[in-house]
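Okay, these came from TrEMBL:
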{"type": "TRANSMEM", "residues": "B:12-30", "note": "transmembrane segment"}
{"type": "TRANSMEM", "residues": "B:58-78", "note": "transmembrane segment"}
{"type": "TRANSMEM", "residues": "B:87-105", "note": "transmembrane segment"}
{"type": "TRANSMEM", "residues": "B:133-151", "note": "transmembrane segment"}
{"type": "TRANSMEM", "residues": "B:181-201", "note": "transmembrane segment"}
{"type": "TRANSMEM", "residues": "B:207-228", "note": "transmembrane segment"}
{"type": "TRANSMEM", "residues": "B:235-254", "note": "transmembrane segment"}
{"type": "TRANSMEM", "residues": "B:260-281", "note": "transmembrane segment"}
Amino acid sequence: MLKLEHINVIYNEGTKLEKRALDDVSVHIRPGEFVTILGSNGAGKSTFFNVITGQAPTQSGNVILDGKDITHEKEHIRSKTIGRLFQNPAQGTAAGLTVEENLALSAHNNASLFSFAVKKKDIALFQKKLKVLNMGLEERLKTPIGLLSGGQRQAVALIMAVLNPPKLLLLDEHTAALDPKSAKTILEITDQLVRSEQMTALMITHNMSDALKYGDRLLIFNDGKITKDFSKEEKEKLKPADLLEFYEV
Amino acid sequence: MSLAILTKAAELGLIFAVLSLGEYISFRVMDNPDLTVDGSFATGGCVCAMFTINGNPILGLIAGFLAGCLCGCITAFLQTKMKIQPLLAGILTMSGLYSINIRIMQGAPNVSLFSSNTLKPVWTLLSNANTQLFVLIGIVALVAFLLYIFFKTNLGLMLRATGDNEEMIRASSVNVDSMKFLGLGLSNAIVALSGALLVQYQNFADVTSGTGMLVLGLAGIIVGETIFRKHTIASGLLAAVFGAILYRILYTIALKLGFAATDMNLVSAVLVAVTISIPHLKKLRRKNRA
């Protein structure tokens with residue numbers, strides 16, 4: 001599914017500030033896998049995502065998605081097959097557009113440019129998808145999304161990410177900015193959607209129990225390297241306290 | 001104030017409503033203050049004038065529109081492909097256009113639409129004093145309506161979202177650079193159409209006609225937004241149209257009160273500066289109270 005081979009990312013190369021963000025990282029993610037990722041700040045987790053999406057240039061190494069080398073493909077081309085959710089809910093949605101317009105934006109990736117964005121038949125689909133969230137958002141399709149709470153915005157962003165199920169879904173601490181209750185809801189919906197759409201997903205988190213509870217593989221990043229790679233079976237035997245010895249929180 | 005003066009003000013207001021509609025795209029929808037306007041407004045007028053004196057007034061409006069689109073694309077090119085700061089990119093285009101505009105008018109700084117044979121202005125859509133008001137209403141309504149429809153299409157939605165949240169659009173398979181070409185191209189095309197209409201209305205094209213147009217168009221938007229406060233596309237477009245007309249009428253009243261016509265650039269500039277700083281001033285006051 002996704003293969004990274006000997007990826008090196010060095011920031012400010014050749015200066016005093018030189019930082020090896022990713023140091024010869026190789027990993028193979030299998031189709032349908034839901035991988036959680038832990039690591040301290042600056043360990044390279046976000047750079048890892050940025051390499052996959054094309055936001056961070058690599059000094060060397062290859063990124064292969066579904067057998068195709070995408071190392072030099074432009075960001076907006078890759079994003080046709082890669083969905084991403086950020087920590088800040090404001091990042092994943094356009095505040096001035098209504099809920100239905102935001103949804104239409106991601107639903108109509110390949111639709112005709114000059115046809116109306118929000119059609120009658122879409123509204124029924126959007127309502128059905130939003131109902132799953134159980135937040136009453138299906139009644140608020142015409143509300144500018146900037147007026148919703150962070151949790152609600154993130155929930156819509158999640159639905160947007162899976163309206164056209166991407167080959168690969170990247171979740172970059174997507175619940176870190178939310179209150180505990182919304183965070184839990186969003187995580188559960190994420191898990192449910194990843195399973196029902198059979199997506200391959202990578203999730204960065206800072207919460208060790210979440211990292212163990214969700215997903216079927218766990219990667220731990222340290223100093224730009226993947227230092228631990230637990231399979232589902234190994235992961236199930238771990239407790240949050242065990243993880244403390246693998247990286248600095 | 002007589003009805004004739006009021007009609008005149010409304011007519012000019014309608015022409016500047018087109019200008020405000022164009023600027024609404026760059027300033028509000030794309031959140032990309034574009035200084036090309038002072039140049040592209042004049043370019044639209046110059047191109048239109050040359051077509052009109054050669055007997056093609058309608059083609060002149062279309063050509064002015066397309067010329068403006070090209071001006072916007074130059075700014076977009078400088079912004080996206082050459083990585084020049086947005087403000088500077090606009091200034092560079094505007095500055096360069098001054099020379100181009102004089103070239104367009106074959107070396108003359110201004111062109112009159114009076115025919116040398118009949119000593120009368122050549123025919124345009126705005127020639128008839130009895131119908132020009134209605135022609136202008138029709139044009140403004142058409143431009144506003146088409147823009148409204150456009151902003152509801154998939155492409156329009158992408159453009160709006162680019163202004164709202166560029167990062168999200170980058171992550172969603174839309175080419176942000178193309179959106180900038182589209183937005184600035186369309187914005188300046190409409191600005192240039194306004195310039196073209198003004199030339200046909202006044203039967204006169206001048207290379208300096210663009211000076212101060214950026215601020216004038218913005219003043220129209222800002223005046224309109226005090227009436228149409230909702231942050232929807234329909235409300236924004238209505239604000240641009242009615243704001244521009246209202247601002248022109250206020251302008252006419254100010255002239256009657258003894259302001260010199262040359263004072264109006266200052267008035268517009270102060271109006272825009274004050275209005276934009278109001279939210280900040282309010283915040284300061286709240287802070288001081290707390």
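Residue positions begin at 1 at the first shown residue.
Each Cβ is built from the backbone N, Cα and C atoms, and glycine gets one as well.
Please treat TrEMBL annotations as automatic predictions, because they have not gone through curation.
Note that the structure is a prediction, hence the values are computed from the model and not measured.
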Using Cβ atoms only, state whether the transmembrane segment (B:87-105) and the transmembrane segment (B:235-254) have three or more pairs under 8 Å that are 6 or more apart in sequence.
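Output no: the transmembrane segment (B:87-105) is apart from the transmembrane segment (B:235-254).
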Grab the same-chain neighbours of the transmembrane segment (B:133-151) for me: Cβ-Cβ under 8 Å, and only residues 6 or more beyond its ends, written as numbers and ranges.
7, 10-11, 14-15, 17-18, 21, 25, 29, 125-126, 157, 159-160, 190, 193, 197, 233-234, 237-238, 240-241
Below 8 Å between Cβ atoms, which of the listed ranges B:58-78, B:181-201, B:207-228, B:235-254, B:260-281 makes the most pairs with the transmembrane segment (B:12-30)?
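The listed stretch sharing the most Cβ pairs with the transmembrane segment (B:12-30) is B:181-201.
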